[in-house]
Each structure stands twice: as structure tokens, then as C-alpha cells.
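Here TrEMBL flags B:8-189 as domain 'Prephenate dehydratase'. According to TrEMBL, the feature domain 'ACT' maps to B:212-290. According to TrEMBL, the feature site 'Essential for prephenate dehydratase activity' maps to B:T182.
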Protein chains: 2
Amino acid sequence: MTASTTITLHYLGPEGTFTHQAAITAAQTLRPLAPEGAEFTLAPEPDVPAIMVATRDGDGWGVIAWENNVEGYVVPNLDALIDAEDVAGFVRVGVDVAFDAFVRPGTDMSRVRTVSAHPHGLAQCKRFIAEHNLTPVPASSNAAACRDLKPGEMAFGPAICGKLYWLDTVAGGVQDYQGARTEFLVIAPRREVPDLLARARGNGVAEFESIVTFIPLNTGPGVLADLLDVLRDAGLNMTSFISRPIKGHDGTYSFIATLDAAPWEDRFRAVLGEVAEHGDWVKTLAVYPRRERPNPPVDAWMLPQGGVHLDASALPDGWNDDETVGRELLW
Amino acid sequence: MTASTTITLHYLGPEGTFTHQAAITAAQTLRPLAPEGAEFTLAPEPDVPAIMVATRDGDGWGVIAWENNVEGYVVPNLDALIDAEDVAGFVRVGVDVAFDAFVRPGTDMSRVRTVSAHPHGLAQCKRFIAEHNLTPVPASSNAAACRDLKPGEMAFGPAICGKLYWLDTVAGGVQDYQGARTEFLVIAPRREVPDLLARARGNGVAEFESIVTFIPLNTGPGVLADLLDVLRDAGLNMTSFISRPIKGHDGTYSFIATLDAAPWEDRFRAVLGEVAEHGDWVKTLAVYPRRERPNPPVDAWMLPQGGVHLDASALPDGWNDDETVGRELLW
């Protein structure tokens, strides 16, 4: 007889959501971190607070949406993780936001007139809807649209909905915009995270990223600059930075930074220590293996339209009286 | 005969959206900035790009959602304004996210079984739905749910939907969370904005806020800290700050700052000049009269759960070997 371990991965249901797809991807990524022979069970939850509670209580790990390259941060989840007791992220996984078009088996395609999905899903597949002369019918979620699909109708959803709900895939990747991607964090009880990260290092992962929240207790001009000076002087590279009001308290601010370093590295540890000794509030939200990331230079051709961009080595006289400069800066 | 001016305010339709409500509020706020006797016409548009184009082409002004205190920035609109040619914001208006419950006149309330709204609207009124044993029915928008409301059914929407669609208001403010608020920017062609702001100053507005986007052309550790040092050294107070990938170019960054100052004030003008002379890309997205804002101190009782918060004046020996500190910082 072999002792076997089952780890539950909690995700935002119903079955067939993008978070479900992320949980399936995460189960592969997580295999080297789990005890040998461990099995993963996936459990749909009604909302993110339920995922946080199940994880905090030691009933497995959770998968939460974190950031989308079009919509930005999933701010309610960011606020929830900042305020969460005893959970932290240790793996980050990405899922392409791609929709397939499904029908029930045996459907006569020439008679399909309607397509169902969440309004966001319908908005992301406008071209396909127009080309096929379909009438959009909103649903509470893409997964629910696929689950509840009636014979003779069509639904849009993540690829996994086909297998899950025994549907025929009529067309793949029907979304208008091909580059959308959502990133998810896998979260665990805080007491487990150091061991999980130690295992990743043991498996040869050398580079990590960290997400840290800072709340300066004294506010006013320069608070943020002073904080960032500490990070710069330590040579730490930041890949994302935002300010957020403290949940429920407009006018108070926390700062969330994503850094190319792990808190146990000397220079990062020294920074965290310096900020904490200064009396500011600090919390590490997640530490995970560094993602593959593009690192392109900023070329002039990719700058937004308008704005001011001068050649610093050859400033024309009186550039600051220029009419175009004035219009773009509104000074 | 009197010459009369009509200014069109373009908003995200259909009629009865929160943006429509914001446009109605904006029309009041804008009256002192418009030519005397000017009338406002409100025009629903299919999407935000259509609003940007109508505004750029001089066919009136536009109203776009900018930030919500629960969901954060409306990132697609932020990206659109960064990349917009020749439009800028000059007024900011806030709208409470509040839902009323509507029925068609003459409805027998005891027989109402379903309620229709956008899935987000349904998710924000869960308590009311449960208390009244209603079955939620998703719609493409709250405004559309009200417009298309059938006798014997209920819909949730902004208060203005009652008058717009000749509906009876069954209950007001049925949302679960009472503090949600969305802020909108009113945008105009860039060439008009300096005159509009001059008129606001002429009307006695003394304090302004500005939203500015910076793109450092050289990347690497310290770029952001260097930029913020310039703002701090000028004594400029920042109320919001985020980084965003340049649209369509993951791994490249722009920084969006909201500051308590106007670009024509000496110290701010000097900062913009210094950054531009350094060769970085700069664009002022909006300048508008300063909002009433709470400015509370950060008290320990409003800090998030967990995290590290030390008393800087009495650091205990060996605090950095403390187990709780280690768990919260993951170092």
C-alpha cells in the first residue's frame, strides 16, 4: 500500500472558466513542487473570498486572476491578497484569452441564429458574430453559456469547455484580438510558502520575482520617491508599480511593486529591513520563479501618438516656446 | 434673433448607462465653462474609440470612465487617452455606483420572478435578489435591461433609467456595497483645452490636478526613482501613480502620475521641462479643477491584515530574526 497525497486547487467556477484553464495549467507547473506521487483535484468555488478562506484553512491551494495585458490588474483580487491573512503566492501562470465557438453535437449549422457568452466574451468576438449574422445573447459567464447550451444555438468559451460539456468545436480562436493574456497567481498558506520556494530552488530555479506592498505611515510629497530611492540604490529592477487606496479608505495609499529579486537575496533583504525599520508597513504578497519576459528597448516607432519627445543631444533653441510642445504639455 | 451654441457631449450608450448619468452631471459642471447661453446635447456612442474620434474632429466634447474606487483604473480608456491624437481632459466628475429596481407601470409585484441586468450589476445586488427570491437574467448592459424590460419582470439600472424608459422605481439603492464610485473625465480637442482652463481660472478656480504620462527612453534599475526624485525635489504631491506596458508592446513601460498642480505653475513647468530635455517622452493627459478629497492620516487600525509594522523609535533587538516577520516578508 502506498500513502498518496491529494492537493486541492481551488478556482473560480463554474467549470470551464479561464481560471479553470489556469488551474489545469498550474497543476502541470506545480508537479515538481508537490510531494512525489501527489495528485491534484480541482475544485470550483463561487467567489475569490471562498478561495482565500479554503487556502488559509489549509484545505489545498488557490488560483486567482492577477493581471491582464489589456485590462490591467484584477484590482479586487489585488486588494484581497493585500488584506489576506496568512496566504501568499508562489507560482504565476499565464493563459491566452482565446475563445472557441461550440454547438451541441448533431446541430445543423445552417440553422444556428444565436450565440451566447458573457457580455465581455461577446464584445471580444464581434467580428465572428457579424460574419455569421448571429444574434448575441448575454450569459452570466462563458462557462455557464457552454454548460447551458441548447441544441441549435452557439456559445463562445475557453477551449476546455468542449470536452467538459461534450460540445462540438465549430471554430477555434474566434476572438477579434489575438494578443490578450491573463496571468494568475497560485496561492498557498504562508507557512508552506518558504518550503515550496526552497523546493523550486532545489529543482534549479535561480531567478525569482516578488510582489511587495508598502504603506508609508507618513504621507506627503516625496514619500514615494524616498521609498523608490532605497530600491534604486540597492540596484533592484522593478517591472510593475501602482498605488492603490487602502481598501475602504479613500485618500490613503499603499504601493505595490513587482521586482526582479527574491526577499532572501542580500540586497533585497536589506531594503525590506530598511523600510520596516523606518516604521512603514510592508508585506510580501508573492514570490515565484521569474517569468520569460520580452525586454525590448523603447524605440521611437512604438511611442504613443502626440506627446513631446526631444533629442536630448541637440535641443533646439526656444523649444519650450514651441506651440506643439505647449499643446501636448498644456503648460 | 439670438445666436445660440449647441455643444454635443458624447458618452458610451445606450441611454441610461452610468456614463450617461455622468454626462448629465458634467453638463451642469460645464455650464460655467461654455459660452453664455450654450445648450448641451447628449449623444450616445457605440464605444470609446467613437467618442475619441468625435471629440478629436471638433464635433463636441466626450465623457469617458476613468477610475473606480473598487475596480481601479478603466485601463482600456487610460491606454486610449495616452495614445489619442489631439484630445485631453479638462473636467473630472464622479458618479455613485447605485442601482434602482424598476418594473413597467401596472406590474403586479407579487408575480415578479426574474430580474435583468448586466452580470456585474447582478453581482452587485446579490442581497436584494436573494431577499426577493428573484432569478437573475443577464443582459448586455444595465441600460439595455431597463430599455427592453418586459411587463411582469424587474430590471436593475442607474436612477435615470426610470424617467428615460417610463419605468416605476420599486426600490432605490439596492446595491450590496454602498461606497462604490466611478470617476469620469470630460475630454475636448487639445487646441480648446487651454482656453477652457483659462476660463475656469477666470471663474475663481485656484487649484488644479494634472494627469501626466512619462516614458523613459532608457530603461533599467533606477529610471523610475530618478523620475520621481525630480517630482519630489520640486515639492509636487502625487495622489496616484501606476506603470503600464506601452499599448501592444509587453515589456515596455509608461508611467502615469496624478499630481496636485497645474503644468503652468513654475515648479511643475520646470519639472516637465527637465524631463523633456532629458529626452524622455512626456504628455499631459488631463488638467482639471482639484477635487474635494479626503486626506486622512494612515492609522494603524486601517492597515491591512498581517504584514510587518514596527515602532521605529523602539526597535526590539533581533526583530529581523522574528518568525512572524519572516513569514510576512518571506525572506
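Heads up, the Cβ atoms here are built off N, Cα and C, so glycines get one too.
Predicted, not measured: the structure shown is a model, and the values here were computed from it.
In the shown protein chains, 21 other C-beta atoms lie within 10 A of the C-beta of B:T182 (site 'Essential for prephenate dehydratase activity'). Mapped onto DSSP helix, strand and coil, the domain 'ACT' (B:212-290) counts 23 helix, 33 strand, 23 coil.
Averaged over the domain 'ACT' (B:212-290), the predicted model has a pLDDT of 87.
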